[in-house]
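Shown next, in structure tokens, is the structure this report addresses.
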């Protein structure tokens, strides 16, 4: 549905539906907030099922890494009395380590989820409750991803929507190919310049 420059696509509808299901489901858990599950569902739900699986896995993996980093932070800061100074040193260091680690294993799409989990725990969760919170957050993320996958599997996009998604994906791939070609050309030109300089000497 389109109204001027505003468009309600089927992916938008499925994302909103996933959030609604998260809210309804978590109403049965008493006071347990559906926030993390809803965020996971929004992050995970993509144009197709395979992308939803992929992004859902990235979200859960990032949550686990962020939780483990928070445990490491609590362990390292225990012996020190000057907590404010230690926070200034350790927390940015852990953020940097998380980013370096996830980039190093080609999981950079998990960085935001991981760093967000780490910061929420170290700034907002008492140390004694950290372990339980990590388990709950991972469980909530898993629930959100499962809901996103189920919605994407059961609620089929109309053919036109599928064609548009495929076209957008193909266009993005073509742009990436052009960027790679441009980079290869620049590298080739730089190599030629270096060779010319060497030969002139």
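Quick reminder: no glycine exception, Cβ is built from N, Cα and C everywhere.
Automatic prediction, not curation, is the source of TrEMBL annotations.
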Range among 111-134, 135-158 that TrEMBL annotates as transmembrane segment: 111-134
Other parts of the chain folded back onto the transmembrane segment (88-105), taken as Cβ under 8 Å at six or more residues beyond its ends: 62, 65-66, 69, 72-73, 76-77, 111, 114-115, 118-119, 122
Averaged pLDDT score, the coiled coil (166-200): 75
Long-range neighbours of the transmembrane segment (111-134), counting only residues six or more past its ends (CB under 8 A): 43, 58-59, 61-63, 65-71, 73-74, 87, 91, 94-95, 98-99, 102-103, 141
Secondary structure composition of the domain 'Integral membrane bound transporter' (21-151) [DSSP: H/G/I, E/B, coil]: 112 helix, 0 strand, 19 coil
